[in-house]
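Swiss-Prot lists 53, 71 with the feature active site. The disulfide bond feature in Swiss-Prot is assigned to 24-146, 48-134, 83-99, 95-113. Swiss-Prot lists 19-148 with the feature domain 'C-type lysozyme', giving sequence analysis as the kind of evidence. Here Swiss-Prot flags 1-18 as signal peptide, drawing on experimental evidence.
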């Protein structure tokens, strides 16, 4: 009985963990989902962005005290403008989704919302991490040896 309980707890802890993508796995997933060159944003830009926003972690969150918003998921999409978490004052929800959808191992919803973000006039510049770590840099290392 004790072994069964231990096994059950182990399985529960495994299912509660985030998926952390490997760099090339993430690049290939983005390519399969039409992100290569989407609105002029290269795969290397997306991979660099996710590296610096979430370290490729699907369940990453970051609370922003200033405006009481939270950044969600592998792309750290903000609840002030893009998703609804039921907690952020004056949220816009431009992606029309619940923020919890951005924390799934299946990143389809996160990709769709990221596409919506780059269609906005700011484009990829909406992400502070992209401006700080990726803009005007050689990003070839982010997709090197990935076969994309």
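Using the three backbone atoms N, Cα and C, a Cβ is placed for every residue, glycine included.
Sequence features, as recorded in Swiss-Prot, placed on the structure.
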residue	record	Cβ neighbours (10 Å)
24	disulfide bond	16
48	disulfide bond	22
53	active site	22
71	active site	24
83	disulfide bond	29
95	disulfide bond	22
99	disulfide bond	26
113	disulfide bond	23
134	disulfide bond	21
146	disulfide bond	17
Separation of alpha carbons, residue 95 (disulfide bond) and residue 53 (active site) (Å): 19
Residue 48 (disulfide bond) and residue 24 (disulfide bond), distance between Cα atoms, whole Å: 12
Counts by DSSP class (helix H/G/I, strand E/B, coil) across the domain 'C-type lysozyme' (19-148): 52 helix, 16 strand, 62 coil
Residue 113 (disulfide bond): nearby recorded positions from 48, 71, 134, 146, Cα cut-off 10 Å: none
Listed recorded positions among 48, 71, 83, 134, 146 whose Cα sits within 10 Å of residue 95 (disulfide bond): 83
Closest of 71, 83, 99, 146 to residue 48 (disulfide bond), Cα positions, recorded positions only: 146
